[in-house]
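In TrEMBL this protein carries:
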type	residues	note
COMPBIAS	1-19	compositional bias 'Basic and acidic residues'
DOMAIN	48-123	domain 'Carrier'
REGION	1-25	region 'Disordered'
Amino acid sequence: MDKNKKTDELSHTLSHAHDSCSLNKNNTATLEKKEDSCNSDHDAELKSEIQNEIIDIIANIAKIKDKSTISNDTALSNLGLDSLDQTEVMLAIEDKFRHSIPDEVTSKLITIKDIVEYILPYKKALTK
């Protein structure tokens, strides 16, 4: 097989990989990270999934029938959850996502969005 054809095939194959790889003038492969729009789409899907799971947990504990009343910006304290209920929510979230949340972090997780943003990196690590 001719050298140029091999080079073209290799470049074509590598361009479809997650990272970008190219051949320089010495036919040496160079690998470059590229931002993949799939990553941001995947993050958005993951965030939505996490948000829905967290809302399910909260709605169950707070006995809220209409989950549409809970938004991403809703504070746990605005859902009629006392401190014991909020602790129960955090324990249920820890169980669901198999990740222990330190007490000093728990006190900073005020809204659904805060919880989602905290859980996201751990969920991403599990899905890789």
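Backbone N, Cα and C atoms are what each Cβ position is placed from, and that goes for glycine too.
Mean predicted confidence for the domain 'Carrier' (48-123): the pLDDT average there is 94. Applying DSSP to the domain 'Carrier' (48-123) sorts its residues as follows: 53 helix, 2 strand, 21 coil.
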